[in-house]
There are 2 protein chains.
Amino acid sequence: MSASEYRCPVYTTASLSPAKRAELLVRPVKASSDILALVEPILASVRNDGDEGLRGCVVKFDRCTPAQDKAFPLVLEAPFADELAQIQPEVKEAIDVAYSNIKTFHSAQMVRESEPIRVETMPGVVCQRFARPIGSVGLYVTALMLGVPAQVAGCKNITLATPPRPDGSISPEIIYIAKLVGAQRVVRAGGAHAIAAMAYGTESVPKADKLYGPGNQFVTAAKMMVAMDSGAQVAIDVPAGPSEVLVIADKTADPALVASDLLGQQEHGLDSQSVLVTIDCDDSYVEAVNAAVAEQARALPRAEILRKSLSQSFILQTRSVEEAFAFSNDYAPEHLLLYLENASSTIELVENAGCGDYASGTNHTLPTVGYAKQYSGVSTSSFLKHFTSQELSPAGLKGLGPYVERLADVEMLGAHKASVSLRLAKIEREGL
Amino acid sequence: MSASEYRCPVYTTASLSPAKRAELLVRPVKASSDILALVEPILASVRNDGDEGLRGCVVKFDRCTPAQDKAFPLVLEAPFADELAQIQPEVKEAIDVAYSNIKTFHSAQMVRESEPIRVETMPGVVCQRFARPIGSVGLYVTALMLGVPAQVAGCKNITLATPPRPDGSISPEIIYIAKLVGAQRVVRAGGAHAIAAMAYGTESVPKADKLYGPGNQFVTAAKMMVAMDSGAQVAIDVPAGPSEVLVIADKTADPALVASDLLGQQEHGLDSQSVLVTIDCDDSYVEAVNAAVAEQARALPRAEILRKSLSQSFILQTRSVEEAFAFSNDYAPEHLLLYLENASSTIELVENAGCGDYASGTNHTLPTVGYAKQYSGVSTSSFLKHFTSQELSPAGLKGLGPYVERLADVEMLGAHKASVSLRLAKIEREGL
């Protein structure tokens, strides 16, 4: 296998046509109508046949033969036995550190979220805004990054779905995390059928109000479809697609480190895309990155995946910070890495990006394929809903009521107007 | 027309079977597959033919004959001429008061949103969270309640779509509000085609990143469909359905005022539902409410709509505060009104509700048909996206890196691990 197979194509903004620029902004994702057609019968099977449909899918798609036996429980309920969660001490320590960091960061956000907002907009007109945890949430696979914000937000009913191993067991790391975040149960299923079970509910899986977590294209299609189904009454976190990273680097960046991050993203799968945007770097710098990519790739276990996915990644050479961030904001990457002499001063230029990370504390469940333009990553907000209230004193109603009457007139809403007029008359009559 | 036609059916929790209770929680909404089939060609026409497709729909569905002329501009661009915004002084004053209250309340929320969160989760590991306005937003009809939070959030490109009158003009109140909230343009179109134009963009309508606003079932279906279309890359605010209210009242509530609120909701349309939940009220109280409903309904202009929609509303008699709020939380109403001797002490019991209002300051763009279980109403948050950042000092990486290596090992992500290991080696080498 030649080194040149591990290589990202190189473009420069100086010679980039608007059409080619637009093309580079589009992700290498496959068309989805055939995926929807494959997912629809899976959803129908679980929706119509409940546990029986789910069990069939677990046998077929998760290749879990023990699930053929009707005595095989599809769901493990808390409290989970300690022997299911026995892990290496050093792995336990690493999970504990990640858990603690994620909890610290999300708790700081929750302090702000949980405090009601109270404003007296006019004398006697008091408006408030409150947060409440979403009651029943369904987490797909990503246990730590979804479980911690759910726990911090105060969700009472946390279901985690994760594919079983061929022998039907669940990895002890997952059970350990499920215990940490206070999950009520672990559903032994992956894929579209796991999404269906949590969206519609079955005999053993309670229906969730909202679903979270990235997955492959079948999982993503299933999430979109249940979110569209008003019969399911379920929300989803973000439309998730293949993982992606955009690195902005100037010549102070170590080519070997840049290369390692481009490769780190690629190992998520064939659809993953890594983009490097260089600022004022010459061709020899770009060649140094590509050489480091080739060298590191050959040493990695998933070399075949890397070779294919690198060909759909690319390097773009730009001449200025402005040009680089303009491209990055239009691309709206899931993960954005800044290798710049003065990175923190450029945060102001970031308009669209997911960012996020592994264990530092921030969340890495993020919008992909450009959805960072309109979606946020998962946070405690994702596990809360807000509502507002207003209380009007008689004085408040006397002040505001006449304006509401006029607005109702303009919109020709007679009953709305009458509702206010009746109250104003009562206040008048009773001398309030 | 006899008074008994204006009457809500009455149930009591004491004699309510679980099956009947479940039935009462379901909204009287029609099946939607035929609506999707009607909407799909409308979306396709605008997506494929741009302005020409949009123009055809404006003529056909908005019944706007002047739009047949290709010289008729489908879009009014800011700055809007003063003569297009000439309104009665008392209407202007009412809009100004509502604008000011809504702005005051949403600004209080924005103060909190705009302040970045910064946490050092471990020594040298700094995590932050930032908010950015969504770049390009498309507002459907509800100008004041959507335009103010968009403006307060700092959205730079605000498009408002509203159906033109048969002569092609836009009501001056709408233009006045568009000026107030700083909208860039008003699209003269209503219905599914207006949604399509903002979702996909046309020659004269820029593509929006996110769409907002309630509408009829065609608008709702169109919003769901574009949100599902990964080619559109557009988000929506909330799945909106027919409007609804749930009133919780005890015997201290004036039956005439309760009746006026039940009727106020009904005039939104045939699918609207009003629910009254009484606490410890006898049959004569319920009869007094129904008598007031009948009396007031006959005096209202939209009497025919009211007669039909009241038959699918209902009154539920409960025996306790707990029973009443349990039903209300399961129903998850768009609007919740509390007529209780001690209303503010019961706010704690509200788990699921949209609430909101007309001009007091809070937002009335709210989740319907039970979606208050998982969605919030529109707020400044709806017009923002958040992203996080982390910066690791060498000391921070030395502290965190070994744990990340272990977690990458467990997940068998070799390139992720190598990316950290390279950095740790560099720190070691350079004595950082």
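The count begins at 1 with the first shown residue.
Glycine is no exception: its Cβ is also placed from the backbone N, Cα and C atoms.
Annotation comment: TrEMBL describes A:Ser243, A:Gln265, A:His268, A:His335, A:Asp357, A:Glu411, A:His416 as substrate binding site. For A:Gln265, A:His268, A:Asp357, A:His416, the entry in TrEMBL reads Zn(2+) binding site. Here TrEMBL flags A:Glu334, A:His335 as active site, proton acceptor.
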Inside 10 Å of the Cβ of A:Gln265 (substrate binding site), count up the other Cβ atoms and send me the figure.
27
Can you name the recorded positions among A:Ser243, A:Glu334, A:Glu411, A:His416 whose Cβ is less than 8 Å from some Cβ in chain B?
A:His416
Using a 10 Å cut-off, grab the number of neighbouring Cβ atoms around the Cβ of A:His335 (substrate binding site), all chains included.
22
Based on Cα distances to A:Glu334 (active site, proton acceptor), point out the closest of the binding-site residues A:Ser243, A:Gln265, A:His268, A:His416.
A:Ser243
Residues satisfying Cβ distance under 8 Å from A:Ser243 (substrate binding site), sequence separation of at least 6
A:Pro214, A:Gln265, A:His268, A:Gly269, A:Ser272, A:Glu334, A:His335, A:Thr368
Looking only at Cβ atoms, how many others are within 10 Å of the one on A:Glu411 (substrate binding site)?
12
Are there residues of the same chain, six or more positions away from A:His416 (substrate binding site), whose CB falls under 8 angstroms from its CB, and which are they?
A:Val404, A:Ala408
How many other Cβ atoms sit within 10 Å of the Cβ of A:Glu334 (active site, proton acceptor)?
31
Translate the DSSP assignment of A:Gln265 (substrate binding site) into the three-state scheme.
helix
